[in-house]
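Let me begin by presenting the structure, written as structure tokens, before commenting on it.
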Amino acid sequence: MSAHLQWMVVRNCSSFLIKRNKQTYSTEPNNLKARNSFRYNGLIHRKTVGVEAWPDGKGVVVVMKRRSGQRKPATSYVRTTINKNARATLSSIRHMIRKNKYRPDLRMAAIRRASAILRSQKPVVVKRKRTRPTKSS
């Protein structure tokens with residue numbers, strides 16, 4: 001089935017839809033922006049890109065759909081773990097999408113999602129408040 005026909009079926013009746021505050025979001029896997037739109041849908045396209053947090057808390061996992069294994073869902077996704085510093089992680093995601101000519105329209109969304117995940121994994125430094133000496137009269 002073509003992606004457009006699948007979109008016409010899935011767009012208003014999917015178990016991943018969340019309709020709140022006059023907006024429609026989607027919680028499906030490989031949807032980079034969590035928007036219910038044709039471009040970012042992770043179920044209907046032959047090529048999809050997803051970025052997830054690594055379960056250990058350091059690094060990200062890039063999930064790409066194989067073009068060849070469409071009829072075998074168990075083997076249709078390739079998961080690549082990237083556990084480097086932030087700049088190297090983002091550049092390797094950029095190269096994975098650009099050099100393989102793999103959905104260039106999702107490149108910036110994937111980089112932004114990975115950047116947000118890496119930022120959330122950084123430890124939070126608690127700043128101590130300076131105590132002012134009391135004024136003596």
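Using N, Cα and C of the backbone, Cβ positions are placed for all residues, glycine too.
Here Swiss-Prot flags Ser2 as N-acetylserine, drawing on similarity to another entry. Listed in sequence order, the residues of the same chain lying 6 or more apart from Ser2 (N-acetylserine) and placing their CB within less than 8 Å of its CB: none are present.
What Swiss-Prot records for Lys58 (among others) is SUMO2 cross-link. Taken residue by residue with DSSP, Lys58 (SUMO2 cross-link) is part of neither helix nor strand, so it is coil.
Residues near Lys65 (SUMO2 cross-link) in space but far in sequence (CB under 8 A, at least 6 apart, same chain), listed by position: Asn30, His45, Arg46, Lys47, Thr48, Val49, Ser76, Tyr77, Val78. Annotation note: Lys65 (SUMO2 cross-link) sits in a strand segment as assigned by DSSP. Marked as SUMO2 cross-link by Swiss-Prot on the basis of similarity to another entry: Lys65 (among others).
Annotation source Swiss-Prot lists phosphoserine at Ser115. Classification of Ser115 (phosphoserine) by DSSP places it within a helix. Its own atom aside, the Cβ of Ser115 (phosphoserine) has 16 Cβ atoms within 10 angstroms in the protein chains shown.
Cα of Ser115 (phosphoserine) to Cα of Lys58 (SUMO2 cross-link): a span of 12 Å.
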